[in-house]
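*Asks:* Below, the features straight out of Swiss-Prot:
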SIGNAL    1-22  signal peptide
DISULFID  33-66  disulfide bond
DOMAIN    38-257  domain 'Cupin type-1 1'
REGION    109-141  region 'Disordered'
COMPBIAS  117-129  compositional bias 'Low complexity'
REGION    196-236  region 'Disordered'
REGION    275-304  region 'Disordered'
COMPBIAS  284-293  compositional bias 'Acidic residues'
DOMAIN    316-463  domain 'Cupin type-1 2'
């Protein structure tokens, strides 16, 4: 009888402890969103590369910890190549400026781009095999690009101007089975750390590990001696010896040493002399192929067949005026990319919104029902107001190009462009089907008598509140005054 009793007691204690830990963890997560003040954030860290610049926001900002995300802004010079990398956190990229090509390596997908045999060259007595690789996609200004968790990708600027992109890493996403620390794994090169704040935390844990008694280190000294050469380089291959890599890839020792990139000082964006030579159809041909693929995807959907990851569309342009979901000729326009328009976002559980406000244009008070949002100013200037559940304005300031503002879930927000120029901004959202509720629409959907008693209004005032003015969320003050 004692053994079953002890087993039951142990199980009860385990469940109780797990519940307490889960409750404590959930409390800590929720406590991070108790924001009495929100700040407009700008990049905190810069990494200069041979052919570009990488800027990151400190992930320890309370606003970013609340949203559970990290952000990177990259500037890639013409002929610049951002080296292959991946992250345990899904990424959503917006192209602010320029154009280029991107390549993803999707597991289990065929290498559908093949070099014709007629183009193969001879080197001495040996024939060079024609190249083949997975599909390469073009992108341009205004594109949203979805990168799934753990999928390696590279980016190349084939344009004449710098390529500027901002990336959101959803570190709190269910796909990330690690902690909320932003991590970027580079397959090649010797890149500088992009989030130095997280490196400091990792170094502290490393020092704690080395402070353990000798008996608990498990042959650590021997491992340190064997991996002395592995201390150079910051790519994932830098952690393996040249000899091991030579055996693994069946290559020469010199090639294996280059794979480790121990003395490469170019960082994560390198210059490609003479331009990148890849197999890629011309722009018009590629557009025709994408239209055909889109048609096939539509037919598969009607037949009840799911898309495979190999055929999923990863980009969509949301900055074109004709793409607008909401439009007011005097106030501005709003375009949305979610899992309904770009199905791959269903796996990332992310979405985006592009807003263009003309001079003095207003995006009326609204809130995100099921998502945190991050507002990044692309161009222009304006004013943003955010109100919390206590009715306090936690943010009421001017915003300018390059600034980031976090809007927590259900906090009411309103934006207005300045008098001198418009306001153009992107909103990342932590839900693939983020829903928005507008205060104005709520009033129109509420019975008049409810509003009269709630606000102490006369019937005429209620009618004016419900029916006058613009019926959409985009408002221009002058047109509103004329309608009244």
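Each residue, glycine too, has its Cβ placed from N, Cα and C.
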*Asks:* Reported in the order helix, strand, coil, what are the DSSP residue counts of the domain 'Cupin type-1 2' (316-463)?
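*Replies:* Here the numbers are 27 helix, 68 strand, 53 coil.
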*Asks:* Far apart in sequence but close in space: which same-chain residues, 6 or more away, have a Cβ under 8 Å from residue 66 (disulfide bond)?
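*Replies:* Once residues fewer than 6 apart are set aside, residue 66 (disulfide bond) is near 32, 33, 35, 372, 406, 408.
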*Asks:* Quick one: mean pLDDT on the domain 'Cupin type-1 2' (316-463)?
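*Replies:* Mean pLDDT across the domain 'Cupin type-1 2' (316-463) comes out at 95.
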